[in-house]
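A.B. asks: Can you read through this structure? Questions will come right after.
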Amino acid sequence: MPAHEHESDTTTDPLARERAHLSASRAALRAMREDAQALDIRDVTANWVNAAVLQSQIDERIKSLADLAHTPLFFGRLDYLHRVGAEQAEGASEGAARSASDKGGGGRREGQFYIGRRHVHDADGDPMVIDWRAPVSQPFYRASRKDPQDVGQRRRFGYTGGELTAYEDEHLTDPAEAEQTSKLLQAEIERPRVGPMRDIVATIQPEQDEIVRSELGGTVCVQGGPGTGKTAVGLHRVAYLLYAHRERLARTGTLVIGPNRSFLQYIEQVLPALGELAVKQATVDDLVTAGIEVRGTDAADAAVVKGDARMAEVLRRAIRSHVTLPTEPVVVVRGSRRWRVPAYELEEMVTELLARDMRYGAAHEALPQRIAHAVLVRMEEAGEAPDDRVQNAVARNPAVKAAVKAIWPAVDPAKLVLRLLSDADFLAAHAEGLLSADEQKTILWTKPARSVKSAKWSAADAVLIDEASDLVARTHSLGHVVLDEAQDLSPMQYRAVGRRCTTGSATVLGDLAQGTTPWSTESWAQALHHLGKPGAVVEELTAGFRVPREVIAYASRLLPVISPGLAAVESVRESPGSLEVRGVAGPAELDAAVLAACEESLEREGSIGLIAADARIPVLARALAAAGRAYLSPGEETTAESRLTLVPASLAKGLEYDYVVLDEPAAVIDGEPDERTGLRRLYVALTRAVSGLTVVHAAELPDELVFSGA
Ligand SMILES: Nc1ncnc2c1ncn2[C@@H]1O[C@H](COP(=O)(O)OP(=O)(O)OP(=O)(O)O)[C@@H](O)[C@H]1O
């Protein structure tokens, strides 16, 4: 694979030709933007509402057509061996497949496609750059010597500060050419990290691409160790699905769920950089706390029971207990006539509604209509000719309303949960045979709340209310949901996410070894069952793009204890990285040694994360302030002035820094309720570094990590 990296401006020089194509593509993009800006909508819109809607669509388009100076317009080129079929060329107009002439100053030939973040076409509508998501771009990620997919040559471009400075070719069908790893690819993977997460469109790996492009209809679950690209893959999958099913998903909606705010801030720029501005991001708590305020916390044992799937059945029983079989007839008086629906007929209606297992609230609304219908049948039998208006009037009749209130009363979901958690007898009645007496005692409030407003709801309570709300009225389902760091969800939380994609699909991403909640997932099969997607495929990613080899090997020593059976990540990073474990004589010297390690790291390029047990954060914050060293909080963007982030271990999940200084592992372990969770938290902290990790400790290290020089 020859690499080319020389300067020249002759038109015969290939690099100069590629640069010319880049300039021409930029000019074409500018023209597309100017066209959008020049659109005059006055003549085509009938009223101001239409005009406002159309204008906002045009504004979005103008925004999406921006040429970002440091984001290369294309990063690859495919030269097909044969003409590309119309089906595959979707996104690349017929013209591209046909065109034999050099155009636009770039020298594009038949079957030659430039692959980039967005589609750019020239004044004739012929493509200058093809969207990476188009079918014709797929071989850029998947073609290999074994399966060239009709690609003769694959070219990768290298950029320096927005300038096209190099390219590298692979001739997939040339048996004489030796297989080599791409230097540009390697350089891209090893580029220092500064600021928030960025996209990986130029370097998506074949096994990642299979997940990214898997069909909308199916749910995919990805198990992958730290840094295997799960988050990146999930975000690119959303971008891909939005491209392939734009209209459908615009109607039904997409959502990315992450563990906390700082994580969402860290990833929030990836999709906009791919031109996707409309994807919502939320935490599970955001989804379930719409109607209430979370002000309380649960002890771990209470949260475990509240998060258990058995609670769903307790709630179902509790809500259905509000239904009382009728013993009295309903008598409707209209004018001089009285219409009577006997109790046995009402009972039949109720039994039938119960058997249909429809939503409680839907049945509550259906019952008055059913009763009214029975009245209408009697009216007709008596020779009257009532119409729909009469039926509606009967349904609203006070006698019918009173009967419905007695038989199938409205239930407020929050009040239902409030009662379950406050009223021992009510809970016992519905938890019978499901929760033990001890479990019931664990979740009962010691001080019952007076009202929904004054109750100190916890996050787990909010999930119960969400479940109850779904029993009353069906939750709106989206077209696709990406669930990141899924291993930390309780069964009840999986259900909450699952009901938001009942009619859609999901991408579930996680690592069983990084589960740090008391209810964390033990197996993906169970998780998918609770999510309501038992048939989902489970894929595994094992190549690590973040953590250097030596560092991941050190962290992986914990795997047999924290998640027996899981394979260690294989780092693809060739740069050796650095691992240092420094013991200090005693606690008095710890803070100074940690600060010194941070200062050393700051001499290097990139971001620095100082990760410490949550309890150690105030101490280290004071020490940093005393040393005059400014620092950021997780999720805050690194700036030229500050590249150091002080990270509580509980927020480290999903994040990464070029250099990590890990403060006192023993304190990280002690910060958790049990040793396994402590070691898992430590595993997360040990796997955040891209270029180097320095562990500083005064207390003893866990046996597995006692350092013998790696
Ligand atoms: N194909 C790739 N090319 C370049 N960089 C990649 C690739 N795949 C992943 N990365 C990078 O590797 C890093 C780790 O990726 P990501 O955060 O998605 O991993 P993860 O599996 O979610 O990790 P964790 O389990 O720690 O949350 C990111 O910086 C990401 O951009």
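Cβ atoms here come from the backbone N, Cα and C positions, even for glycine.
Per TrEMBL, the features are:
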type     : residues                                                       : note
BINDING  : Gly224, Gly225, Pro226, Gly227, Thr228, Gly229, Lys230, Thr231 : ATP binding site
COMPBIAS : 88-99                                                          : compositional bias 'Low complexity'
DOMAIN   : 203-557                                                        : domain 'UvrD-like helicase ATP-binding'
REGION   : 88-111                                                         : region 'Disordered'
A.B. asks: Within 8 Å of the Cβ centroid of the ATP site residues Gly224, Gly225, Pro226, Gly227, Thr228, Gly229, Lys230, Thr231, which other residues of the same chain have their Cβ?
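C.D. replies: After dropping the recorded site residues, what remains is Asp511, Leu541, Gly544, Phe545, Arg546, Val569.
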A.B. asks: So if I measure Cβ to Cβ from Gly225 (ATP binding site) and keep only same-chain residues at least 6 apart in sequence, which ones fall under 8 Å?
C.D. replies: Asp511, Ala513, Leu541, Thr542, Gly544, Ile552, Leu566, Ala567, Ala568, Val569, Thr687
A.B. asks: Around Gly229 (ATP binding site), how many other CB atoms lie within 10 A of its CB?
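C.D. replies: Excluding its own Cβ, Gly229 (ATP binding site) sees 25 Cβ atoms within 10 Å.
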A.B. asks: What does DSSP say about Thr228 (ATP binding site): helix, strand or coil?
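C.D. replies: Looking at the DSSP assignment, Thr228 (ATP binding site) belongs to neither helix nor strand, so coil.
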A.B. asks: Using Cβ-Cβ distances, find the residues under 8 Å from Lys230 (ATP binding site) that belong to the same chain and are at least 6 apart in sequence, listing them in sequence order.
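C.D. replies: The list for Lys230 (ATP binding site) reads Val222, Gly224, Asp484, Leu509, Gly510, Asp511, Leu541, given in order along the sequence.
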A.B. asks: List the residues of the same chain that sit at least 6 positions away from Pro226 (ATP binding site) in sequence and have their Cβ under 8 Å from its Cβ, in sequence order, or write 'none'.
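C.D. replies: Listed in sequence order, they are Asp511, Gln514, Gly544, Arg546, Val547, Ile552, Ala555, Val569, Tyr683, Val684, Thr687, Arg688.
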A.B. asks: Go through Gly224, Gly227, the listed binding-site residues, and name the one with the sparsest Cβ surroundings, counting other Cβ atoms within 10 Å.
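C.D. replies: Minimum Cβ neighbour count within 10 Å, taken over the binding-site residues Gly224, Gly227, occurs at Gly224.
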A.B. asks: Can you tell me how many other Cβ atoms are located within 10 Å of the Cβ belonging to Thr228 (ATP binding site)?
C.D. replies: 28
A.B. asks: My understanding is the cutoff is Cβ-Cβ under 8 Å with a sequence separation of 6 or more in the same chain; which residues meet that for Thr231 (ATP binding site)?
C.D. replies: Met197, Ile267, Asp484, Leu509, Gly654
